[in-house]
């Protein structure tokens with residue numbers, strides 16, 4: 001509008017008043033007017049955002065009144081706190097750990113709060129020294145291929161690019177990672193070292209949690225030693241106060257109008273009825289299931305090909321991206337909890353933070369029914385952590401049940417062994433615990449406070465937007481297994497998806513909330529660049545999209561490079577997924593070579609890794625002589641690790657390098673995005 005207005009004025013002046021000075025004046029007036037309205041509009045928007053209430057946030061510190069300019073320092077000072085625990089979390093575990101540390105601070109006369117670095121001005125760390133006996137703790141997860149979590153990205157970049165003087169800042173770091181990934185706890189290690197470089201004082205050595213083993217054990221062991229270091233550093237003693245204090249209080253909401261009650265929305269009330277773009281983690285798109293078909297030809301396992309309809313959503317994805325699916329718990333498990341606790345699941349309630357200064361008013365969207373909370377918001381199928389065992393002790397009326405919980409909640413070798421065997425090895429969830437310890441009857445609202453949030457599940461997108469711009473495809477194996485206690489555990493998301501079968505056009509189609517998560521798993525910019533794809537089982541998923549995209553380019557008349565695919569499964573006649581599609585791509589020339597390994601079709605098992613070792617010349621020809629790209633998708637513990645070892649060996653032998661030179665060559669490939677992995681643990 002402003003540009004149009006400017007052109008109109010200029011045209012009028014030229015036509016009716018050909019004096020240049022008049023034109024200059026007119027333009028000057030327009031510029032000043034635009035600047036004036038822009039400034040005050042921005043100011044008004046800023047004021048509006050200051051007054052916006054943060055009622056439902058996945059974070060624990062987003063300033064209630066932004067007049068503090070996102071200053072956590074002002075928050076600490078105004079509330080008499082000296083401990084702040086920042087978290088970098090992608091799945092919620094780091095946030096949970098941060099909350100537990102902040103809660104325990106009271107035992108050491110350190111009133112604490114949890115903070116999301118994304119919502120704080122982290123430059124204020126320089127002012128921590130102004131608070132007596134202050135301490136900043138960082139619970140930081142490493143995500144993807146050595147990347148910060150989304151909410152820690154700005155803080156990470158601030159540390160990289162800044163040179164703030166952090167002398168006087170006392171800190172400690174706990175990292176959350178997975179040893180099966182190459183960049184194990186890389187972000188936490190960097191933050192720990194960088195804070196020291198900037199002059200901060202490390203109160204306790206960094207803790208490195210391994211999610212592939214027992215990250216809960218790692219955290220508890222580190223936390224206990226942390227408090228010993230804190231006491232020594234500040235010359236304080238544990239007060240012995242009870243840390244099992246409720247963070248939220250129950251509020252009866254039976255009189256709340258039905259239209260004000262959440263029914264499964266992630267953040268905004270009625271967001272599934274009134275969909276608004278853009279769609280993201282807090283505002284997923286309610287997508288229709290367009291296709292849901294079985295890919296396995298026989299056998300007792302199931303693999304689904306599912307297509308989400310995104311027509312009209314304005315959502316865009318790139319080949320190699322992930323789609324996040326928001327699941328819900330089975331009604332059977334939810335009803336079982338209600339039965340075990342003799343609770344009214346349809347009662348409407350809210351959990352309100354007992355800390356009036358906290359901006360995280362509720363642990364999940366409230367008010368809602370107990371059934372909604374257990375169905376959509378709480379994780380009732382994973383193994384509970386030790387702090388939940390500790391909180392359940394007071395609800396056990398049988399001394400034997402009490403002693404068992406006390407043992408599992410302890411950090412003694414016997415306690416750790418019992419927790420590992422009874423909870424982790426036997427794969428018990430909260431429902432199983434309540435079944436097997438019948439005297440344990442926690443208040444349902446307290447249980448809702450203790451259980452972690454139900455997280456979305458990520459799937460590699462198995463389609464190309466060039467070919468399927470209006471739908472997103474995934475390839476998912478149905479998760480069902482029997483535990484040592486003879487219970488059948490079911491994957492939350494895949495078992496839900498298995499039930500969402502499209503019907504005829506006359507009936508409403510099944511729907512599920514989704515959003516797109518960007519990935520660095522990308523095809524080379526030039527379609528002529530040769531590539532090798534290694535994806536056994538559902539690891540084939542992103543490569544189906546890669547092949548579709550290259551096939552699209554070929555049909556457009558563009559030159560495409562060699563495409564070599566390594567795929568493996570158990571039996572050709574049972575679980576060779578997308579067989580006809582792949583054979584067609586081979587026939588039309590899009591797929592140059594298709595190497596297949598069927599592990600159980602012969603006496604000796606044959607895997608993709610065996611084929612790679614046999615084809616060393618081909619591998620080196622593409623990644624060494626032709627500077628091609630190599631991609632791996634699959635299990636981080638076995639597939640990705642084994643492939644990496646084979647590639648290093650091939651580079652050594654065919655490139656005539658030492659082991660050190662080969663490792664550096666592969667590392668350089670990774671840095672140049674010529675060696676990419678999309679893996680899971």
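Quick reminder: no glycine exception, Cβ is built from N, Cα and C everywhere.
TrEMBL annotations: computationally assigned, not manually curated.
Pulled from TrEMBL:
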- 89-94, 141-144, 176-185, 211: FMN binding site (BINDING)
- 301, 538, 599, 600, 605, 606, 607, 608, 609, 642: NADP(+) binding site (BINDING)
- 457, 458, 459, 460, 475, 476, 477, 481, 491, 492, 493, 494, 680: FAD binding site (BINDING)
- 83-227: domain 'Flavodoxin-like' (DOMAIN)
- 282-524: domain 'FAD-binding FR-type' (DOMAIN)
- 20-39: transmembrane segment (TRANSMEM)
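Ranking the binding-site residues 301, 459, 477, 607, 609 by the distance of their Cα atoms from the Cα of residue 178 (FMN binding site) places 459 first. Set side by side, the binding-site residues 181, 184, 607, 680 differ in how many other CB atoms lie within 10 angstroms of their CB, and the most is found at 181. Of all Cβ atoms in the shown protein chains, 23 besides its own fall within 10 Å of the Cβ of residue 475 (FAD binding site). Remark: secondary structure over the domain 'Flavodoxin-like' (83-227) totals 65 helix, 35 strand, 45 coil, with classes taken from DSSP. Within the same chain, residues at least six positions away from residue 605 (NADP(+) binding site) with a Cβ under 8 Å of its Cβ are 599. Listed in sequence order, 324, 325, 327, 492, 493 are the same-chain residues at least 6 apart in sequence whose CB falls under 8 Å from the CB of residue 457 (FAD binding site). The average pLDDT computed for the domain 'Flavodoxin-like' (83-227) is 94. Those residues noted as binding FAD (457, 458, 459, 460, 475, 476, 477, 481, 491, 492, 493, 494, 680) have their most widely separated CA atoms at a distance of 23 Å. Residue pair residue 475 (FAD binding site) / residue 301 (NADP(+) binding site) shows a Cα separation of 14 Å. Largest CA to CA distance in the NADP(+) binding set (301, 538, 599, 600, 605, 606, 607, 608, 609, 642): 25 Å, whole number. Cβ-based neighbour count (10 Å, all protein chains) for residue 599 (NADP(+) binding site) stands at 16. Near residue 680 (FAD binding site), with the C-alpha within 10 Å of its C-alpha, lie none of the binding-site residues 89, 92, 609.
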